[in-house]
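Chemist: Please see the structure below; I have some questions.
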């Protein structure tokens, strides 16, 4: 007869059983952040850095959208224009449209991000109320040239849009 105890290790310490269940999760030890990670987080907690970064990214998005939508435009060209003249005319229109979109999206990103960061720091909370307030500030300031009624409509519209986008992305994360 074969001895069954010979197959077992003789370390003296009994090891805990390993869970073979796929649903069980392994507990990971807590890892403290490094100095570089702490400094990087401190940089991103600065409202000016957030606002400028959002402004630059918004400007880039506006530039790309302006180029794309400018290319889709069907400008009124005269039959007397040569192909080269039509190309130059279309390129100028695309450039002008993309530059205008770039400026608009840059200001929008900068104002929204700065307002949200300032409200978040003042309230010491990260929730949807910050998004609504920042959306109101952004929408109101972007449409303020149209008068107080336009500013109120812009405030309500952009705040609603911002909250809906926030809820949509929170649901999918």
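If you go along the chain as it appears here, the first residue is 1 and each next one adds 1.
Cβ coordinates are placed from backbone N, Cα and C, and glycine is handled just like the others.
What Swiss-Prot records for 1-26 is region 'Disordered'. What Swiss-Prot lists as transit peptide is 1-18. The feature transmembrane segment is assigned by Swiss-Prot to 52-72, 101-119, 128-144, 151-168, with sequence analysis given as support.
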Chemist: Take the transmembrane segment (151-168) and find every residue of the same chain, 6 or more past its ends, with a Cβ under 8 Å from one of its Cβ atoms.
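Modeler: 112, 128, 131-144.
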Chemist: May I ask for the residues of the chain that lie six or more residues beyond the transmembrane segment (101-119) and have a Cβ under 8 Å from a Cβ within it?
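Modeler: Sequence-remote neighbours of the transmembrane segment (101-119) are 47-48, 50-63, 65-66, 69, 129-131, 133-135, 137-138, 141-142, 162.
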